[in-house]
Amino acid sequence: MDNSKVRCYVCERNCTIALGRRGFCGAYENRDGCLVHVGWGRLSAAESRPIEIKPLFHYWPNSTSLTFSGWGCNFLCPWCQNYLLSWVRVCVDGPVVPPERLVEWARRAGDEGLCASFNEPVTLFDYLLDLAEVARREGFYLSLVTNAYFTTRAVDALVGAGWDGWSVDIKGCPEASRRRRDVLPGVDHEVVFRNARRVLDNGGHVEMIYLVVPGYNDVCAEWIIERHLDYLGPDVPLHVNRYYPAFRWGEPPTPVETLLRIAEKARRAGIKYVYVGNVHDPELEATRCPRCGKVLVVREGYRVTHWGLVEEGGRYRCPRCGEIIPIRGKYVGPKPTRYITFI
Ligand code: SF4
């Protein structure tokens, strides 16, 4: 490699960046032969939100987290709901939010944690490591909504720093890539599962999100279910979510029957916690005991409206049959829905 070029190892794109240029996501730049995180602390949004909206259903239930984002993305999906943040490059003249201020906002909002979301957290990698030091000292949990296309080194660093709640978006499969070569070219969809496994091996918590996009990844159900069970096992929740038209993708919303069919297939294959999201039906977002069928947790409007688990020695059980239900963190009790915006 030319001496003036640098390589970025934050995500699996492994960009080779020429002098004065930036990598694919726009957040890392080659300045005088050094890789500089120009996205450090340059935030596009910050708002206190329920954890259930991520979605994370088995992680600090009913808590709220100070949710924040940077600029840019390493993927660029044409159906992106947040393309105004993702499809733009970070402006280096923008203000910087120091980690201490973000943590102060979380404290002021009464949040239990922080969450990197809205755009891809890859663009904030070094900032996340610095933020973790401040936030963990203050006792906040740390979660992220991500395509999980980090390198394994980056996954290890994040989980090691305290980023232990991962809501992982599955974008596609080899068949989807064959069907539409112009969408996410060069992306290896298997990496997402490899990294989700890596998070679990490092002691983190994972929930997988399959946004079913007609015309692209609606052919992926079997591949995804198979990978889910092979890499992650039956206890990791799977959210089968409805897509709505956005940005450059004009297909009509995913038919609800398609979502129900996929969810049923996933359950029959052995995944214990399967949810259908973005259709606003509490029945489809409730947690049932996989052993006796009892309804244990009901959610509505991104809030827990019924909590029926019993806590015993730091673990949560079904009160009827005693089955252990995997929950990371604590159920925080009744808490109203609030969206407090700082940026
Ligand atoms: S984080 Fe950005 S610059 Fe680094 S490899 Fe990924 S896309 Fe390229």
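Every residue number used here counts from 1 along the chain in the order it is shown.
Backbone N, Cα and C define each Cβ position, glycine as well.
Now, the feature entries from TrEMBL:
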- 58-272: domain 'Radical SAM core' (DOMAIN)
- CYS73, CYS77, CYS80: [4Fe-4S] cluster binding site (BINDING)
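Other than CYS73, CYS77, CYS80, the residues of this chain whose Cβ falls within 8 Å of the Cβ centroid of the [4Fe-4S] cluster site are, in sequence order, PHE75, LEU76, PRO78, TRP79, ASN82, TYR83, SER86, TRP87, GLU120. Classification of CYS77 ([4Fe-4S] cluster binding site) by DSSP places it in coil, neither helical nor stranded.
Counted within 10 Å of its Cβ, the other Cβ atoms near CYS80 ([4Fe-4S] cluster binding site) come to 19, all protein chains included. Mean pLDDT for the domain 'Radical SAM core' (58-272) in this predicted model: 97.
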